[in-house]
Amino acid sequence: MIAIASRVRALGGVRAALFAVVLGLLAVSALPPLHVLPAAMVAVPLLVWRLDATRSIRGALALGWLFGLGHFAGMIYWIAYAFLVDAGHYGWMIPFAIAGMAAVLAVFPAVALGLARVFWRPGPGRILVLAGAWALSEGLRGWVLTGFPWAPIGMVWMPFDAMIQATAAVGITGLGLLTMLMLGLPALMGDEGPARRRWGALGAAALVLAVVAGGGAWRLAAHGGGGHWAADGRWIAARDGVDAGTDQGGDAGLLRVRLVQPAIPQALKWGPGRLAANFSHHLDLSTRPGLEGRDVVIWGETAVPYPINLAPEVRAALRAAVPPGGVLITGSVRRAPPGEPTQIWNSLFVVDDEGSVRGVYDKAHLVPFGEYLPLAEWLPFKKLTPGATDFSAGPGLRTLAPGPVPPFAPLICYEVIFPGRVVAAGDPAPQWMVNLTNDGWYGHSAGPYQHFQIARLRAIEEGMALVRVAGTGVSGIVSPLGRVSPVLGLDEEGILDLSVPPPLPARPLYARAGEALPLGLAGLALVVGAMVGMGLTGRSRPSTPTAIG
């Protein structure tokens, strides 16, 4: 291992730059939907050894940016599909969009490595420094330039229910901190010095892994395994602290919902002459047998192609899709009434069986270039979504309490990707979350799968079920412990009749503390790592060769 580390540290010039880009690409394969965890187990130690080789903060910044360029280009390649929906107008932008977005996002790994380099010393302390700096940069990525905290490093553990329970305590940012520790400590196997120190680092990584996995397993066991969905969609809760795994028992769900996924391709969603047919398709799916046994029917983002608030005939037609005494939750464009300044909102409506609107939520976190065009007067193109008018942002998070159903937290599209910013404070407290989205823009790519897994994290962090309805998939329910219901996959037309699990009795620590907790822990790791390094080696610098200036 020492020989391999020495060779990696000795790389120089173009080879070193290409190596950094390839490391970033390699790390992507550990994320959904591939879940190749060994790729991250290789990439992070190699990154540590390359950071050892830098002699300056500028070199570390360059290393981080090159790593990030490969990482984000591989992660967000799927945005190209959105430009292909209207390839004649937007296809030419694909290489510029991917390269530009990757280049901007790469600034955050650059900041992480640059910050780490300030406190970088030989020895185990440098792994704490890197973990803390990385977690701080991921937290920063959630805020800067409206924020884009997509697929953070902690998501390498998504296939393992026990591992991701840590997000209930410290959020995905905190799990990212722990992940960089677990993946970075084996890099000490490449250090000179006593063998016991090298093996001790491997043992420390195993210990962190055992604590995280063991704590998650204990949490799942404490809730009886978390319950499960029966074949007929009922929610079967654990009894006497044990989930028997059978379908026997009554429905312990909070309410009964019907999820409607029409699987209408994005190219046809707003096509001339298609609006009425698409609307009818939603109604036909919604009125399949069993509607009367539901409390709520849920459609996806902008499922209704007409402004519900200005169209009484549309509200009357929607009555057919509402179960008796229940409500329909659907996405629709909301328009300002005649006589007022022209404005449109990407909205969620709650409509009852009388055709009355019982609640409205306007999307507050809009997608740049998709729903509005920054610096529009300087750019020679339009936003990607149909229509010349930019969407207006809503006032912010809120809880809807539409009477017949328990209060819920509404989220539209990528609003669900922001940890700690999905539930409004105050009363009434929501008991479940609803995420309406339209991932049809991104075709059969990694994007929709990553989006679903990100939404899954919010259910664990907040301790309440999340119901997700996507026009073309993936639609389903996530329990408060991250269990996933039967789902409708990409381009799969149909309905799901399921019960929504109730929230946990007590809100998780992260739901109460928010991002301040993991960011505070990241800062503490950075400080402690710096102190450990200085205590072991004074103020000496690594003497390893450099590849990047």
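Quick reminder: no glycine exception, Cβ is built from N, Cα and C everywhere.
All TrEMBL annotations are machine predictions without curation.
Per TrEMBL, these features apply:
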- 260-502: domain 'CN hydrolase' (DOMAIN)
- 12-28: transmembrane segment (TRANSMEM)
- 34-51: transmembrane segment (TRANSMEM)
- 63-84: transmembrane segment (TRANSMEM)
- 90-115: transmembrane segment (TRANSMEM)
- 127-151: transmembrane segment (TRANSMEM)
- 163-187: transmembrane segment (TRANSMEM)
- 199-218: transmembrane segment (TRANSMEM)
- 516-536: transmembrane segment (TRANSMEM)
Practice item. Mind checking which residues of the chain, 6+ beyond the ends of the transmembrane segment (199-218), have their Cβ under 8 Å from one of its Cβ atoms? Key: 124, 127, 160-166, 169, 175, 178, 181-183, 185-189
Point to revise | Long-range environment of the transmembrane segment (127-151) - Cβ separation under 8 angstroms, sequence gap at least 6 | key: 31-32, 48, 51, 75-76, 104-105, 108-109, 111-113, 115-116, 119-120, 172-174, 176-178, 180-181, 184-185, 187-188, 201, 365, 368, 417-419, 450, 454, 515, 518-519, 521-530, 532-533
Review point. Apart from its near flanks, which chain residues at least 6 from the ends of the transmembrane segment (163-187) lie with a Cβ under 8 angstroms of it?
Key: 5, 40-41, 43-45, 48-49, 124, 127-128, 130-132, 134-135, 138-139, 142, 149, 152-157, 201-202, 204-205, 208-209, 212-213, 215-217, 219-220, 419-420, 456-457, 460-461, 463, 481-482, 508-511, 514-515, 517-519, 521-522, 525
Check your understanding: Taking the transmembrane segment (34-51) as the reference, which of 12-28, 63-84, 90-115 gives the largest number of Cβ pairs under 8 angstroms?
Key -> 12-28
Review point. For the domain 'CN hydrolase' (260-502), what is the mean per-residue pLDDT, to the nearest integer?
Key: 94
